[in-house]
Amino acid sequence: MTAPRDRTAEPEPIDPDLDVPAPAGSRGRGRDHGQAPVLAAVAAGGAAGAGARYGAALLWPTATAAFPWTTLVVNALGCAVIGAFMVLVTQVWSAHRLVRPFFGTGVLGGFTTFSTYAVDIQRLIGDGHARTALAYLALTPLVALAAVWTAAATTRRVLSRRPR
């Protein structure tokens with residue numbers, strides 16, 4: 001599917017998959033369809049990710065006054081996956097240019113959810129559970145950052161131990 005990355009090549013920009021040059025003869029205006037495949041990849045991935053998140057909410061519903069564990073776990077899992085994924089696509093594989101937009105932005109962007117996090121906090125405060133809301137408000141970014149960092153570090157560690 002993907003070939004090992006040439007480590008002697010120039011460093012890539014932050015998101016090389018989205019650095020699509022304008023077509024020859026284009027003046028940057030008019031109908032440029034160069035980003036259409038990227039948009040389609042993000043949309044398809046987003047639909048899949050949002051469907052997975054909705055499935056998680058159906059399988060593990062959160063009661064009105066309860067701590068929103070489902071959203072916390074979904075966001076932590078998504079952050080862990082993006083941590084490992086980004087190590088793989090930036091340091092190991094030379095992936096197709098649509099892999100990162102599809103999976104990283106689309107699937108994981110649709111799976112994780114900042115809007116539900118905000119609505120959960122508002123709902124908890126509105127229902128008189130301010131302490132739970134504040135705990136959730138503080139815990140989610142800490143768990144998310146810990147998940148992405150731990151997954152990236154673990155992936156790098158595992159990869160450094162494998163024979164080349």
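Cβ atoms here come from the backbone N, Cα and C positions, even for glycine.
Residues or ranges marked as Na(+) binding site in TrEMBL: Gly109, Thr112. What TrEMBL lists as compositional bias 'Basic and acidic residues' is 1-10. Taken from TrEMBL, the feature region 'Disordered' covers 1-33. What TrEMBL records for 36-60, 66-89, 101-121, 133-154 is transmembrane segment.
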Hey, which of 36-60, 101-121, 133-154 has the most Cβ-Cβ pairs under 8 Å against the transmembrane segment (66-89)?
133-154
Which sequence-distant residues neighbour the transmembrane segment (36-60)? Criterion: at least 6 residues beyond either end, Cβ under 8 Å.
17-18, 20, 69-70, 73-74, 97-98, 101-103, 105-113
In terms of Cβ proximity under 8 Å, which residues at least six beyond the ends of the transmembrane segment (133-154) contact it?
67-68, 71-72, 75-77, 79-84, 86-87, 117, 120-121, 124-125
For Gly109 (Na(+) binding site): DSSP state (helix, strand, coil):
helix
